[in-house]
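Participant: Heads up, here are the entries from Swiss-Prot:
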type	residues	note
TOPO_DOM	1-109	topological domain 'Cytoplasmic'
TRANSMEM	110-130	transmembrane segment
TRANSMEM	132-152	transmembrane segment
TOPO_DOM	153-240	topological domain 'Cytoplasmic'
TRANSMEM	241-261	transmembrane segment
TOPO_DOM	262-299	topological domain 'Extracellular'
TRANSMEM	300-320	transmembrane segment
TOPO_DOM	321-342	topological domain 'Cytoplasmic'
Amino acid sequence: MKAGIELISHSQASHATYANSMTLAEKGPQRLKRQFKEHSSSKESNVSRWLKIFIRQFDIWFPETIPTMKVRYELLRKNFIKEIFNSRAFIYPFLGFYEVLTNPVYWKHILLFAVCYALIFVTIAGLFYVTLVPLLVTWAILLLGPLGVILVHIQWILQTNVLTAFVCRTLVLTHITNQIFDISLVLQDQDEFLNEVKVLPKPQKPHRKIDEPDAVRNFNTIKGSRIFKIPRLLFRMFFKVSNFTSLTLLSLIPIVGPILANQLMAPKRTFTYLQRYFLLKGFSKKQAKDFQYEHYASFICFGMSAGLLELIPFFTIVTISSNTVGAAKWCTSLLKGERKKE
């Protein structure tokens, strides 16, 4: 009898031990899951805390960046779809081309432009032929055989033309293009606008207020120091070099590369052609960029049409001038629209 009772109690104890072990086994994964959730939530809280600190410091040192990005995003969101279907900016380069061919007043400037263009083209073509063409020829012969030599030389002419157009438009011949722009405005009865803007005093930078607190004055002094400007200059330089390098590598693709690079530069090309308009209107760099984002679809349309006209080798001598006239025609349309609103 006692043996039976001991056997029953022993079985009950083992059953209880098994139940406790099963309970602990069931609670183990739950405890691990709970600890993992707590750990992940603590990591998320640390990341969010550091992110908030970074955003706060970014707002302190770059107070205008985030608001400017928000404003430009809203301008894109409101106007892009509407302008992409309604904009007539793509037609102005062709109108300018027709006017340049039919109006002799531009021919003297085009002749001077042609001489400068020829010198720059020969220089860039020689450098390009000595440095990159041998490598491209070797690669093309291995892949395409004798046909590769012909394609490389076509690529050499297209690439040289693209670089020459870029140098002429942005670095060397801006004075000639500014004269062509002003002549076109006068021919379109905008001489009153030119006379007004040329006699207006240049805007001066606002002076510091006398009652400005010392802490604010010291902070602004730190922000305006050269040490603070170095990181921003390095970032901008890195961005420009990366952009230029990527476009250059893209343009090395036979035949198709220069066309793609030409079209990808459409907004930048339009901004370059309208720089004279921004100067005459007295726009700051920020205002000019805001104008670009407000009419970004029109910038793309104008830049693509102007780029196609610039793409034909040696034809660029005429088309850079005609695109400048087209930009002046577009600006005349904008000025007339502003007067109607007034």
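The backbone N, Cα and C atoms fix where each Cβ goes, and this holds for glycine too.
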Participant: Over the topological domain 'Cytoplasmic' (153-240), what is the model's average pLDDT?
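Facilitator: So the average pLDDT across the topological domain 'Cytoplasmic' (153-240) works out to 70.
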Participant: Where DSSP helix means H, G or I and strand means E or B, what are the helix, strand and coil counts for the topological domain 'Extracellular' (262-299)?
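Facilitator: Result for the topological domain 'Extracellular' (262-299), in helix, strand, coil order: 32 helix, 0 strand, 6 coil.
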